[in-house]
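Q: To start, I am sharing the structure in question, which I have written as structure tokens.
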Amino acid sequence: MKCEASGVPMPSFSWTKNGKPFDPSADTELNVTKSFGLFAFSTLSKTMDTLKPYQGKYVCYATNELGTAVSKEAILKTDVAPTQQKQKEKAVTAKSDEGSSIVLKCNPPQSSMEPIIHWMDQKMHHIQLSKRVVVGKDGNLYFAHLTMDDSRDDYTCNVQYMVTRTILAQEPITLKVNPSNSVVRNRRPHMMRPAEAESTYQALRGQTIELECIVQGLPTPEITWLKKEGELDESRTFRDMFDRLLRLSDISESDSGEYQCIAKNTQGNAKHTYHLKVEAAPYWKVIPKSLIYAPGEMVRLDCAAEGTPSPTISWTRNGEEISGQWRHPTEPFSANNFLHFRCTEMRNCLTGTDSRHTVIEKNASLILNTVDFEDTAVYQCRASNKHGTILTNTYVYIIELPPQIITDDRKVYAVTEGKSASLECETFGSPKPKVIWERASYLLDDPRLQPLPNGGLQIINVSHDDEGPYACSVQNSNLSIIAELEVFNRTVILTPPRNQKVQPGNTAIFTCVGLYDTRLRIPQIQWRKNNQKLMESPSDEKYTFDGAEFIIANVEQDDEGIYTCEIISSLDKVEASATLTLCDRPDPPSLLQISDPRHRAISLRWTPGDDHKSAVLEYVIEFEDQDLKERGWEELKRVSGNQEHAVLSLWPYMSYRFRVIAINEVGKSDPSKPSEIHNTPAEAPDNNPENVRSESINPNTLLITWEKMDKRNFNGAEFKYKVLWRRSVGSGPKWHERETTEPPVIVDDVGNFSAFEIKVQAFNTIGYGPEPDPVIGYSGEDVPLEAPIGVGVELLNSTTVAVTWAAIEIESVRGHLLGYKIYLRRMGSRSHHHSRRSTEAESTVVEETGPNEKMKIISNLRPYSRYLLFVAVFNNKAEGPHSEPLPFDTKEGVPGPPTSLILDSPSETEMTLHWTPPAHPNGILTGYLLQYQRITESDDGPLQKDEIDNPTVTQFTLKGLDRHSQYRFYLRGLTDAGKGEPIMMTGATTLDGVPPSDISLSVGETSVNVSWEAQKRHRNVGFYIHYFKKNGGWKKSERVNSSQSFYQLRGLVPGSDYLLRFFYGNASFWETGIKTEGTEMTEVQASIATQGWFISVVSALALLLLILLILCFIKRSKGGKYSVKDKEDGPMDSEARPMKEETFGEYSDLEEKCTASQPSLCEDNKMCSEDTLNINGSSALTTELNLDESLASQISRPSEGPEGFSLLNPATIAPTTNGMPNAITILD
């Protein structure tokens, strides 16, 4: 026995045995162990004789100066280990007849230990158990009925005790089964254990019980368990021993009731009823809490327990009964009140000695009124009924302490909206400090805000409005703290995973997309299968986690289950689940059976195959015609997936085979095996061919045809058609007939377009089809003989005429009058002279009418045109002769739109419109109407107009336009008929050019890239870049166009500082400094070039070179002057002979620095500059430059040549492209 306890100071221990004091230290047979917080004792001897005197009920008490705690009761029992009987039992032999039942007894030794029974043979093999042969709870072996195979002489019962680790083998039993002399008769079920019809079973709450039902009978009965007035809880219900044993785990009072065991076989049934009554030992519902109190406070200790029967509650103090507990004499005692004594008024429940201290209320609470230091103690609440006693210790400590707030100030609490937040304000003191919560100096009265017993504040269903500081203070003190509440958006799942049905081997993809508060860390996505965490498997790539997607590759049977997506943030967690089901195409149906044959119908039955967890939606029944196998299998009928048969309608005279295909959500099954062949008898045809008609084409011929009947409608052998015809006038003479196997039938010499009654009847060897109804057909038609007469035309407007004619004589049509054809051939425009009209392409309009029309209105003709009109009649055969041509002219109409319109802006306030005349003037053009309006953000400006009376004018200039606005222009042609359709164009004037701004530089080793944004509406202007290097002087680039947006200045020295100035005209508009990349070249150190002898040699050579130059100059002076032409044709040195910008046709010796390459030849030419602006992107004017002309002629053009032109390499001349860099080389 061991007892442990803790306390300050360390407690001392005492014991009671069977309710009387017991001192283990005084017993010499016991070994006592004492240490801090531990007291234990054990027997010195382990014999049964030594142990027996110590049987009993033990209670341990732990005591210090603050009180005494009491342990629960410990019971010591002793039992002798089971042993084999000393006297050997006699061998047992059991005999019985085949088909009868028998019980082989085990008789295990009596013991308090639960044995485990094993029936085995002499080879230690278990006896094979089944529904027929079972082992009962009593250890016996039960046979529902015997067979000859049950005879043997080694049925051995082995009794196993797990506690003592022993197995006791009983004497073998011999069983002899006598064979029956006749057929074994069946027997209805009969109860073997329990033998009665009803029995009562009692159990305690929380236990596991076993209900047994062993029956005999032939054949072996089946067992069913039922609970009357309720259902079995399958989560706590287990069936064992082939349903002969029903095990209920963790039972409660709700499991009380009647349970029935029903045994059935072909001969009848038997049943046994268990009346289960579940009671309960006491168990706690409310346990009093150990707390600290201040003197003068009232202490209430709540204690509640339940059980069956209802337990009795009693209180003790330091293990001793509280004196004075009594009930009022007039109040009867009731155990349902959970008290020894029940009180109606408080004065009737006071202790007899001190009414301040002890009161027992009717709800089993212990109240201590106005406590004092002497009330410090351990109080025990004890609940008892006939099934046991439970006890709990509660420590009451009476002390005075100043209040304190233990919780840290400015503590931050983070919570997501919709959740509950608990703000802490833990206090310490005696008496217990009273806490007040405030927010912004206001007391909290929101019902969602609830103070907690420990001083905290709970906020239910938090919203963003709840965010902020909360003040907790102790009443009647200056103690307070601040609690900060932060509210975050809750995490939600926007796209939850969806249930999936996947075929084996395929890939399943679950998607889980969530939304979280970005102020929090990125949440974790955790996937679970059947509540087990899943990890990525890189080895076999089974599971892959790709962002919001969870991928399962090569789905197998083990992958089925419930998959849950958990999105876990630092504050909350949300989850959503979906099911993965492994499904596949259904297996094909089997066992097709044909039954119930009747007139043109049978019943087809089949056995469904496995649907592989995807229900069959429908079955498709197909058939194969054995006489037309080339058609293959054809669908006959569809039925719903819950049917297993179908009634099929069949055709006569056919040889059928059937098969069935199952369809589910995954797909179609393979076809079933074909059924047996089923033949239907022959019958006369059910119907005749359809669409019987005459398709006579040739004159004097009657061609009778029809739709061929399907072979399945022949209904018998030797199928043919019987064709009949006669003239329809007065029903004509008798019917002519002809038999054939297929259409058509041609009859000659019948005249042109004569009416006949015709009919076709189907027949076979069995008989004829139904009598057909005759239809009217005609013999072949011929070409109409006459043209319509009385053709006339009436002009309705410039594009519409009304054509009239007289009805044709019907006899001249020689066929079905289908209608009239009207031909209108356009011969050209009325304004063209004869020679012009002869070259204009003709066009013809053809209109058809019905047979009864005599007038037709024709529209969409060309105005101001010459037409010829013809009319002809037509039938199925052909079109008849045309009427005499009738010429007419259409009226003048409004013109079409001008063919083109181009905008050109010569200045900021002017716009010139260039156009080409309308392609279809539809009359005599008298002029143009120009309309235009300013486009604004709201309503457009008023529409202004200018009329141009001269039809030959093709351009017009508008002045005084707003330079900041865009305009919409409409141009229409005019005839005497009115205004034509407009051509519309939108544009704006071109602004004066300005030098670029927002210039960007990108510096390299030997160059610098200059870029800017070109102004789209501004004219192009030229500017120059002057650049200066220390000790190098100023240099100037070639002319740069503002429309280029990019320029590269080359020829710079690496690692050097430069000053750049941008000039437009004579003024600088931007300046900056740069430093090129790389390393600057330094002066070479003193070398051979600094030696005196080297200098002397170089000086001598220079003097000799000077003399040679003087001689050359004298010789050249005697040679005369060159002409300009010779200067152009000969090689030129740009350094020696630069050109002036003002005189392009002359050469000058002025020393002006020139650029290394030339700008565009037309860059200052207004005709090819961007000044001719077309807002719609079409160029108004184009200047072509012939670069094959002589260079001098290009240079000598006044005011058109390029500025700053210097000839360095004639082969490199090329026009500057807009928006592309001009590559130049700087000459030092």
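Cβ from N, Cα, C; glycine included.
TrEMBL lists these features:
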DOMAIN    1-71  domain 'Ig-like'
DOMAIN    82-174  domain 'Ig-like'
DOMAIN    189-279  domain 'Ig-like'
DOMAIN    282-392  domain 'Ig-like'
DOMAIN    403-488  domain 'Ig-like'
DOMAIN    490-581  domain 'Ig-like'
DOMAIN    588-683  domain 'Fibronectin type-III'
REGION    669-695  region 'Disordered'
DOMAIN    688-782  domain 'Fibronectin type-III'
DOMAIN    787-893  domain 'Fibronectin type-III'
DOMAIN    897-993  domain 'Fibronectin type-III'
DOMAIN    995-1087  domain 'Fibronectin type-III'
TRANSMEM  1093-1114  transmembrane segment
Q: Counting only residues 6+ away from its ends, which parts of the chain sit with a Cβ under 8 Å from the transmembrane segment (1093-1114)?
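A: For the transmembrane segment (1093-1114), there are no sequence-distant neighbours (Cβ-Cβ under 8 Å, at least 6 residues beyond its ends): none.
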Q: What residues elsewhere in the chain lie close to the region 'Disordered' (669-695), defined as a C-beta under 8 angstroms and at least 6 residues from its ends?
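A: Residues 585-590, 592-594, 597, 600, 602, 604, 606, 609, 622, 624, 626, 633, 650-663, 702-709, 713-717, 719, 721, 743-744, 756, 758-770, 772, 775, 777-779.
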Q: On the 0 to 100 pLDDT scale, where does the domain 'Fibronectin type-III' (995-1087) sit on average?
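A: Mean per-residue confidence for the domain 'Fibronectin type-III' (995-1087): 86 out of 100.
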Q: How does the domain 'Ig-like' (403-488) divide up by DSSP, counting helix, then strand, then coil residues?
A: 3 helix, 45 strand, 38 coil
Q: Counting by DSSP, what is the helix, strand and coil composition of the domain 'Fibronectin type-III' (588-683)?
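A: Across the domain 'Fibronectin type-III' (588-683), DSSP assigns the residues as follows: 3 helix, 48 strand, 45 coil.
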Q: Per DSSP, what is the residue tally for the domain 'Ig-like' (1-71) in helix, strand and coil?
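A: Tallied per class, the domain 'Ig-like' (1-71) gives 10 helix, 37 strand, 24 coil.
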